Amino acid sequence: MNITATVLLAFGMSMDAFAASIGKGATLHKPKFSEALRTGLIFGAVETLTPLIGWGMGMLASRFVLEWNHWIAFVLLIFLGGRMIIEGIRGGDDEDEEPRRRHGFWLLVTTAIATSLDAMAVGVGLAFLQVNIIATALAIGCATLIMSTLGMMVGRFIGPILGKKAEILGGLVLIGIGVQILWTHFHG
C-alpha cells in the first residue's frame, strides 16, 4: 500500500472518532484544549491498537471477527448514545445547572473502542495484503488524534448554542454511527 492510500485510509478511519468527539465536545462546558488533546490521545491510542489487534486476529481467525465486529460496535454505541440521551432529557435548565461534568477516562476509552472496531476490521483485511502494519496503524492513530482533538474543539463552539440538547445530539450521533456501521455491514 502506498503512502497516499495509507493517508486516505488513516483519515477515513478517523471519521467516526471525529463525529463522536464533536458530540463529546458539545456536551462539555467549554472544554479546554488540554481536554480535547486528552480525548484525541485516547482515541488515537485506541485507533492505533485496534488495527494491530485486527491484523493479529486476521492471521488467526478472520471469519469470526468479521461476523461479529459490527454487532459489538452497534451495541456499544447504542448503549453509550442511549445513556447520553437519557442524561440529556433528565437534565434541568442550563441556567440552574452546575458546569457540566467532564467525561471520565473509562467513558472515553469505551467510546474510542466502540468507534474503532471498524479499524479492527480493516486490520483483519490488512492481514491479507502486503502492508507495513505498524506504519499503517500509526498513521491511523495520528489521524485520529488530530481529528478527535479538532472534533472536541468544534464541539466546544456548538455546545453553548445547543445547551443541554448537546448531550442529546451527542447521543444521537453515537447511535447514528452504530446504525451506519450495521447498515454498511448488511448493505455494503
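Heads up, the Cβ atoms here are built off N, Cα and C, so glycines get one too.
Values in this document were obtained by computation on a predicted structure and should not be read as measured data.
Residues or ranges marked as transmembrane segment by Swiss-Prot on the basis of sequence analysis: 3-23, 66-86, 106-128, 143-163, 168-188.
Count of Cβ pairs under 8 Å against the transmembrane segment (3-23): among 66-86, 106-128, 143-163, 168-188, the largest is for 143-163. Cβ atoms under 8 Å from those of the transmembrane segment (168-188) belong to residues 16, 19-20, 22-24, 26-27, 70-71, 73-78, 80-89, 111, 114-115, 117-118, 155, 162 of the same chain, restricted to positions at least 6 beyond its ends.
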